[in-house]
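Trainee: Okay, here's the structure, questions in a sec.
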Amino acid sequence: MTELAGASSSCCHRPAGRGAMQSVLHHFQRLRGREGGSHFINTSSPRGEAKMSITSDEVNFLVYRYLQESGFSHSAFTFGIESHISQSNINGTLVPPAALISILQKGLQYVEAEISINEDGTVFDGRPIESLSLIDAVMPDVVQTRQRAFREKLAQQQASAAAAAAAATTSASVSQQNPSKNREATVNGEENRAHSVNNHAKPMEIDGEVDIPSSKATVLRGHESEVFICAWNPVSDLLASGSGDSTARIWNLNENSNGGSTQLVLRHCIREGGHDVPSNKDVTSLDWNTNGTLLATGSYDGFARIWTEDGNLASTLGQHKGPIFALKWNRKGNYILSAGVDKTTIIWDAHTGEAKQQFPFHSAPALDVDWQNNMTFASCSTDMCIHVCRLGCDRPVKTFQGHTNEVNAIKWDPSGMLLASCSDDMTLKIWSMKQEVCIHDLQAHNKEIYTIKWSPTGPATSNPNSNIMLASASFDSTVRLWDIERGVCTHTLTKHQEPVYSVAFSPDGRYLASGSFDKCVHIWNTQSGNLVHSYRGTGGIFEVCWNARGDKVGASASDGSVCVLDLRK
């Protein structure tokens, strides 16, 4: 595996779902207090030996980061607003990924160590009877039971040791009378022990033939926080990535590039006191224009920005009153469309940086947008509605209703005739501008559907002789391929073990890449549904994407890494 350290130059992602964290939020909201101020929590050990002060701001920030990293971005946003995360003085770029989990693990180890200490201060000699869960660790009855079990096992060990010593004394003369037989038993005992270890069941692994070798994987290092999104330049092998470290980066993967500079760092700054200072906000969305000369980024600081391909800031677009969740260029390249938590969508003039029109039709945060053509687009929201709007019109030209929970993503098919939507209500719906109700209401996933993608096949594509497909990725750890003409699922792809955040078709539509929080990128044959390539990274995968030639897959991860898989033979 090649690792590029990446020299700095001078210069959407929105994980969904929230139900599972409601009790956690409730607990920490109580801790924070009704006004959201910073409170001190004084703690000490049971023996009163050590004291520490923990501010609720610190606890809130770690919970907020945990929600983001685990994909509960709606919950993270709500919790961040109520706990005033943006007003805290914590520099998020200095906090490592999985910080809350790390602290919890250390606390769990402390409790296990405490259980293992006897009343006389000696340490119990032996492994825990069984592993201690996080819930067990906070329940006094369970801890006391474990301590009693430890003491009982210690007593048994002491009794067994005494009996063994007595038996050893009795058999000593027998051993001396037949030393060769004793040595033989010892040697065989070692052999049997080794055989027993090697005979343990191993976790099932993917067939070695599909594993992508490390020589075909390049890991790009440089980001200092999780990388939410990545996108290939449509013309050249430049890979853009957006991170929680308040930067986007452009990685040059062209084979003829000199190896001196592996990345351009696009620092997202805001103006304070006449100076540019880091925004310390996540870069949540990015998109290249059609000819690959400009990159647009959206940030939690509420600004969209346009950058040149060599990393220079061309313009800053500021009219949203809160984080930007999604951002897209139109095909012509003259307009940029953005969706914000302020419940609005905005069309921007890419040349002047001015807002052409703001659309305030949603009653809750807008989560995703997609252009139907150069003037018309669709938007979806946590308000469960989908609006189709057109530049110059002061009201939606169409509104689709039918989902019973937040609508996470929307995508027009290549012809612009059909609109697909997916939701936390576990359904996938297909809409037409010709009717009010959905054409298909597809129900097969058993958890929230996070994202969807149409294949680049069928009418209005460069692959007109191949049937069009739709892929859906869900928190149920599966990916499904759909025949939309018949309204049926043709393949269920089940190798992932954790929520699937991203899917992407190869340019010819023959392959599908999927990325999951299980750290795996899988490449599937879309006709057979077979797994053809697999790669396990070092962090949960937020985004996967194909380059224009279809021979490389980029993936962004929760540990700050960006991986490029070379699929050429």
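Yeah, the Cβs are placed from backbone N, Cα and C, and that goes for glycine too.
I grabbed these lines from Swiss-Prot:
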DOMAIN    55-87  domain 'LisH'
DOMAIN    92-137  domain 'F-box-like'
MOD_RES   LYS153  N6-acetyllysine
REGION    170-195  region 'Disordered'
MOD_RES   SER175  phosphoserine
REPEAT    222-261  repeat 'WD 1'
REPEAT    278-317  repeat 'WD 2'
REPEAT    319-358  repeat 'WD 3'
CROSSLNK  LYS332  SUMO2 cross-link
REPEAT    361-401  repeat 'WD 4'
REPEAT    402-441  repeat 'WD 5'
REPEAT    444-492  repeat 'WD 6'
REPEAT    495-534  repeat 'WD 7'
REPEAT    536-568  repeat 'WD 8'
Trainee: Would the repeat 'WD 8' (536-568) and the repeat 'WD 1' (222-261) count as touching if the test is at least 3 Cβ pairs under 8 Å, pairs 6 or more apart?
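Mentor: Counting Cβ pairs under 8 Å, at least 3, so yes.
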Trainee: Who are the chain neighbours of the repeat 'WD 7' (495-534) in space, where the CB to CB distance is under 8 Å and they lie at least 6 residues beyond its ends?
Mentor: 13, 15, 17, 70-71, 206, 210-212, 447, 450-457, 461-463, 466, 469, 471-479, 481, 540-546, 548-550, 553, 555, 557-558, 563, 565, 567
Trainee: Which residues, sitting 6 or more apart from the residue listed as 'SUMO2 cross-link' on the same chain, put a CB under 8 Å from its CB?
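Mentor: Listed in sequence order, they are THR290, ASN374.
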Trainee: Helix, strand or coil for LYS332 (SUMO2 cross-link)? Use DSSP.
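Mentor: Going by the DSSP assignment, LYS332 (SUMO2 cross-link) belongs to neither helix nor strand, so it counts as coil.
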